[in-house]
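Here is what TrEMBL records for this protein:
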type: DOMAIN; residues: 23-406; note: domain 'Amino acid transporter transmembrane'
type: TRANSMEM; residues: 29-48; note: transmembrane segment
type: TRANSMEM; residues: 54-75; note: transmembrane segment
type: TRANSMEM; residues: 108-129; note: transmembrane segment
type: TRANSMEM; residues: 213-235; note: transmembrane segment
type: TRANSMEM; residues: 247-273; note: transmembrane segment
type: TRANSMEM; residues: 293-314; note: transmembrane segment
type: TRANSMEM; residues: 326-345; note: transmembrane segment
type: TRANSMEM; residues: 351-375; note: transmembrane segment
type: TRANSMEM; residues: 382-404; note: transmembrane segment
Amino acid sequence: MGFHGAETPREDVPLLSDAPRLSSTFKTFANIFISIVGSGVLGLPYSFKKTGWVTGLLMLFLVAFLTYHCMMLLVRTRRKLESNKVGFPHLNSFGDLGYAIGGPPGKLFVDVMIGLSHCGFCVGYLIFISTTLANLAGDTSTWSSFLGLTPKVLFLWGCFPFQLGLNAIPTLTLLAPLSIFADVVDIAAKSMVMVDETFVFMKNRPSLEAFGGWSVFFYGLGVAVYAFEGIGMVLPLESEAKDKEKFGGVLGAGMFVISLLFAAFAAIGYFAFGEETQGVITTNLGPGLVSALVQLGLCINLFFTFPLMMNPVYELVERRLCDSKYCLWLRWLLVLGVSLVAILVPNFADFLSLVGSSVCVILSFVLPATFHYLVFKEEMNWSCLVSDGAIVVFGLVIAVTGTWSSLLHMLR
């Protein structure tokens with residue numbers, strides 16, 4: 001496998017601006033937080049119910065450490081190639097790195113994996129939104145006769161025309177105000193969920209399980225891998241960091257804080273509801289105005305985040321099929337495809353595990369370790385060789401067994 005230097009095509013990085021201003025340490029930390037924290041955290045309490053809370057915590061911190069390690073492998077690999085005498089001046093993204101190492105097939109594979117992962121994230125968004133709105137609607141037993149559609153499906157199709165409008169917006173610049181609004185709503189809503197769950201736990205104190213057994217081990221790993229969904233953004237973030245020597249420390253601090261927040265959210269959710277914990281944790285919240293506002297807030301966040309998360313998919317598809325030209329019908333076709341998949345998926349957390357095991361684990365573990373080995377193999381010692389090999393094997397094992405476990409849970 002040869003390296004492809006001077007002819008490496010620069011891949012657009014749509015989530016970051018082309019402005020020359022670099023990010024301070026604080027802004028870099030904030031960007032890391034925004035890039036990683038997503039809807040995956042909402043399925044973690046249900047994952048803790050399946051795996052047991054001690055097993056869940058161990059898996060969560062293991063995945064956080066491995067994700068950070070593999071992110072740094074990508075950074076070191078990019079730096080090595082850019083300092084190589086062959087010359088790789090513009091390796092701005094994961095796809096560029098794939099091209100530099102594997103040529104067009106390498107870039108195509110990375111593009112496909114990133115496209116599938118982002119589509120998977122958006123399917124999860126639609127499942128959460130439709131399930132939550134159906135729950136807020138209360139008793140919907142009389143709805144089942146309407147065209148033979150369930151309340152979840154009705155709400156999903158109700159959102160569909162509005163998503164077509166949002167996804168018709170051509171640039172992320174126009175979506176920026178919606179993104180800021182969505183982030184503020186998300187932080188407020190998740191904070192209120194944790195407060196509400198704390199009071200529920202103090203009142204009910206349900207029986208809890210610490211260890212769920214090996215049968216659900218890989219299932220839990222898939223959900224945890226999905227939760228840390230920011231691997232594709234680490235190279236653009238490092239490129240825009242003002243002090244690149246401190247980037248590793250800032251990334252490590254960010255991952256540590258995020259893993260603590262994820263652990264707290266998952267544990268409090270499971271502790272509050274025990275065996276009654278649902279796949280979408282917000283469906284456990286009782287009736288009331290505050291609960292309804294929290295659930296609506298999370299729906300609003302994911303509703304406006306949907307076009308942002310689909311934008312890299314549009315960039316990839318339009319670059320390959322339309323010479324990077326805006327194509328409205330192609331965007332709408334992708335939204336339709338994602339909506340149809342969301343209708344077919346019965347459980348939010350089960351789907352998170354499937355996407356985490358089948359796609360995210362390849363992006364997060366297998367590819368970074370493989371790329372690192374291919375670039376550094378001439379100077380690599382045995383410990384590094386074993387480390388990269390172990391990560392690749394670990395990732396492939398999760399991909400096979402985790403995908404199978406997730407499919408079994410979905411088809412039950």
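Backbone N, Cα and C define each Cβ position, glycine as well.
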Applying the under-8 angstroms CB criterion, which one of 29-48, 108-129, 247-273, 293-314, 382-404 scores highest with the transmembrane segment (326-345)? 108-129
Tell me whether the transmembrane segment (382-404) sits in contact with the transmembrane segment (29-48), defined here as at least 3 Cβ pairs under 8 Å among residues 6 or more apart in sequence. no
In contact by Cβ distance (the transmembrane segment (293-314), the transmembrane segment (108-129); 3 or more pairs under 8 Å): yes
